[in-house]
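Heads up: the structure comes next, in structure tokens.
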Amino acid sequence: MKHYLSVNDIESLPDWVDEAITLKKDPYQFEDMGKRKTICLLFFNNSLRTRLSTQKAAMNLGMEVMIMNFGNEGWALEYGDGTVMDQGTSEHIKEAAQVVSQYSDIVAIRAFAGLVDKEKDEAEEVINGFAKYATIPVVNMESSVGHPLQALADAITLKENETKKKPKVVLSWAPHPKALPHAVANSFVQMMKMQDADFVITHPEGYELNPELTEGCQIEYDQDKALEDADFVYVKNWSCYSDYGKVLNKDKDWTITKEKLGNAKFMHCLPVRRNMIVEDAVLDSEQSLVVEQAKNRVFSAQIVLKKILENK
Ligand code: CP
């Protein structure tokens with residue numbers, strides 16, 4: 001594997017999950033692998049988990065870590081070919097990506113969707129620009145359309161908590177005051193399609209995700225029906241995809257309560273808005289796996305970095 005840009009770059013999900021669970025038992029067993037190697041983490045958007053877990057994963061492998069809040073501190077990048085740069089952008093992605101490649105062995109990037117121009121977001125100009133012009137491997141720390149490190153951590157968490165061979169896993173939309181991207185839900189769907197599970201997606205009408213990604217998935221508009229007999233309920237807000245980036249609904253009937261959850265385990269990528277997405281009683285109960293999911297972000301990143309280092 002050269003780059004880790006999407007869940008589709010996982011060569012074998014069951015093998016990677018098993019390997020991550022083994023790594024978790026002895027995180028320093030490959031601490032010499034990254035000696036004298038450097039990873040550069042570039043953030044165009046905020047983060048808590050991704051920043052610290054990816055840094056920790058790299059440190060567990062013996063790597064040096066450089067972090068830059070590119071969105072606030074870097075030059076505004078130009079992505080267009082042949083642009084006369086007489087407006088707001090100061091540096092072209094072609095030079096920036098090649099320069100970063102001189103300073104590090106892997107570059108990891110976070111660059112969210114703008115949620116204004118669907119075509120532009122789907123072109124993934126930041127992460128694809130780096131993948132095109134960098135001479136080193138590129139890791140996606142959440143791009144416009146995907147969050148593959150989160151999805152791999154979620155697969156690890158599912159495996160560690162499953163009590164039956166084919167669990168029922170429900171991805172439920174929940175309300176949020178702001179327009180949020182589709183990246184987490186997209187990668188979760190892609191990852192679930194690689195699993196042996198009874199997988200159901202539930203959301204209000206109008207909140208259909210990209211149909212190319214959900215093709216073959218069961219979609220149930222009645223949340224109560226979808227949640228019946230669920231083993232895991234993965235909750236996430238996303239904005240409208242068809243009327244791109246719009247918030248159509250803030251209906252708190254979709255908020256996850258203890259009653260709705262039943263005996264299922266609750267999952268969310270965090271950060272989560274309490275009593276909007278999910279009520280306190282769920283997050284404060286033993287049914288919540290959110291902190292375990294965050295812990296597994298270290299091991300999803302560590303397995304990805306290890307695969308890249310092994311290939312270098
Ligand atoms: N889940 C996740 O990516 O968290 P951060 O946005 O805090 O990195």
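Glycine is treated like the rest: Cβ placed from N, Cα and C.
TrEMBL: automatically predicted annotations, no manual curation.
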Given TrEMBL lists GLU142, HIS176, ARG273 for N(2)-succinyl-L-ornithine, the same-site residue among LYS225, LYS236, LYS312: LYS236
Sequence-distant neighbours of CYS269 (carbamoyl phosphate binding site) in its chain (C-beta under 8 A, six or more apart): ARG49, HIS147, GLN150, ASP154, VAL184, LYS236, GLN293
The one of LYS236, ARG297 whose CB sees the fewest other CB atoms within 10 Å, among these binding-site residues: LYS236
Intrachain C-beta neighbours of GLU142 (N(2)-succinyl-L-ornithine binding site), sequence separation six or more, cut-off 8 angstroms: ASN45, SER47, THR50, ARG110, ALA111, PHE112, LEU149, GLN150, ALA183, VAL184
Whole-number Å value for how far HIS176 (N(2)-succinyl-L-ornithine binding site) lies from TRP75 (carbamoyl phosphate binding site) (Cα to Cα): 32
